[in-house]
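Shown next, in structure tokens, is the structure this report addresses.
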Amino acid sequence: MKLQLGLVLFGFTLAMGQIVPRGSWCPVPISPRLPRLVGPVRLIIIHHTVTASCFNPQQCLLALRQIRADHLRRKFRDIGYNFLIGGDGRIYEGLGFGIRDEHAPNYNSQSIGIAFIGNFQSGLPPPQMLQAARTLIQIGVQRRQVLPNYTLVGHCQTKATACPGKHLLEELKKWPRWQPKP
Ligand SMILES: *[C@@H]1O[C@H](CO)[C@@H](O)[C@H](O)[C@H]1NC(C)=O
Ligand SMILES: [Zn+2]
């Protein structure tokens, strides 16, 4: 209990634009058996989680745990995304850069999956979430985990799904490296 509280507080002390480490929300380390992702990747795929939104670090921590539990129930090996964006404007590490995600069959070995926590079928994510995702993409390029000429797409551009919601997709179309095809 004491440990958990310390980790929550750690979440508070991170500056905006920094990645909140997985260890601050998930006590279970990533299995060494998960397939590695060899960067830099050419593709960024945007998702939404189709869960409630979260607006502060405690809510987001709970949301992350629920999303991971749901993914494990659905027989994923861990949380299915590389990173998640909280409604608190923070970037949360899921699998991170070095592990292959499990959310876009046929593209997982060449992509980073970023999920916006919430449901954006009926409205746009708030500006702090959009900004956090753009910052994360910049971090990926700076760390050479993402090619500078990457392609940005919504999940629905890789398979028949509503993800990441029509409002978020329309927003992505205005971003510099969005492309009609993955
Ligand atoms: C992107 O850059 C990489 C590495 O510099 C290059 O191999 C690739 O052809 C480029 N892709 C596009 C679509 O320009
Ligand atoms: Zn998706």
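Cβ coordinates are placed from backbone N, Cα and C, and glycine is handled just like the others.
The disulfide bond feature in TrEMBL is assigned to Cys54-Cys60. Sequence-distant neighbours of Cys60 (disulfide bond) (same chain, six or more apart, CB under 8 Å from its CB) are Trp25, Cys54, Gly86, Gly87, Asp88, Arg90, Tyr92, Ile117, listed in sequence order.
Annotation source TrEMBL lists domain 'Peptidoglycan recognition protein family' at 17-159. Each residue in the domain 'Peptidoglycan recognition protein family' (17-159) has a pLDDT score, and their mean in this model is 94.
According to TrEMBL, the domain 'N-acetylmuramoyl-L-alanine amidase' annotation covers 28-165. Residue counts for the domain 'N-acetylmuramoyl-L-alanine amidase' (28-165) under DSSP, helix first, then strand, then coil, are 39 helix, 31 strand, 68 coil.
The annotation signal peptide is assigned in TrEMBL to 1-17.
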